[in-house]
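Student: So TrEMBL lists these for the protein:
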BINDING   His30, His78, Asp166, His170  Mn(2+) binding site
DOMAIN    5-86  domain 'Manganese/iron superoxide dismutase N-terminal'
DOMAIN    101-199  domain 'Manganese/iron superoxide dismutase C-terminal'
Amino acid sequence: MAVEQYSLPGLRYSLDALEPSISSQIMDLHYNKHHQTYITNLNKALKDTAEALSTGNLVKQLELQSAIKFNAGGHVNHTLFWENLSPKSTGDSDTAKAAPKLHQDIVQRWGSFENFRTTLETTALGIQGSGWVWLVKTEVGGRLEITTSKDQDLPVPGNLAILGIDMWEHAYYLQYWNNKKEYLNNIWAVLNWTAAAKRYLGDKRAIYGDLAGLASRL
């Protein structure tokens, strides 16, 4: 039985292109080590599950489900995260220019972009332990909301990911230590609102790109 295997996605920028907001050291560790580990563990769990299926080992299949969910979530979330980032020089961080419709709707929803930013940062800082903060669009009504997810969970079904920020320590600790507020303050300069706008205005099936099938299983 052929088992689907996943690989590290390419980046559209160099590892040092997001400095000073995100250091090349963090990018190297985060992308080449942490993200790769999620992929390695996911591929192993998928292979082990296929073997358990072929031998009828139901107990083993059930045991592997948590490893698949966690590592597949890590792969999907990080792939989206890299797409959420862009060097400051590109202009993608200028919401009004890069994503005028999304910017307008954010202002309408929260009263001002600054109110939105404050709400998102406050929500992110309220995460206990590891997780993600998300700007999502509800499938019913198309309403913008700010939500969080634990560990490597995706936004709950019915919420379409527009923008996600990694709040795991490995995303910031080497550079910012325990100062999550500074990490959040600086990441705005390298957020890719052009990519966010495409998710917001486009087909929901394209949000996770080539990983849509994997994401739908989580």
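Placement of Cβ uses the backbone N, Cα and C atoms for every residue, glycine included.
All annotation found in TrEMBL is predicted automatically rather than curated by experts.
These figures come from a predicted structure and were not determined experimentally.
Quick one: where do these features end up spatially?
Tutor: For His78 (Mn(2+) binding site), the Cβ neighbour count at a 10 Å cut-off comes to 25, with all displayed protein chains included.
Looking at the domain 'Manganese/iron superoxide dismutase C-terminal' (101-199) alone, the prediction's average pLDDT is 97.
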Student: Counting only residues 6+ apart in the same chain, whose Cβ is under 8 Å from the Cβ of Asp166 (Mn(2+) binding site)?
Tutor: His30, Asn77, His78, Phe81, Trp132
Student: Within 10 Å of its Cβ, which one of these binding-site residues (His30, His170) has the largest number of other Cβ atoms?
Tutor: His30
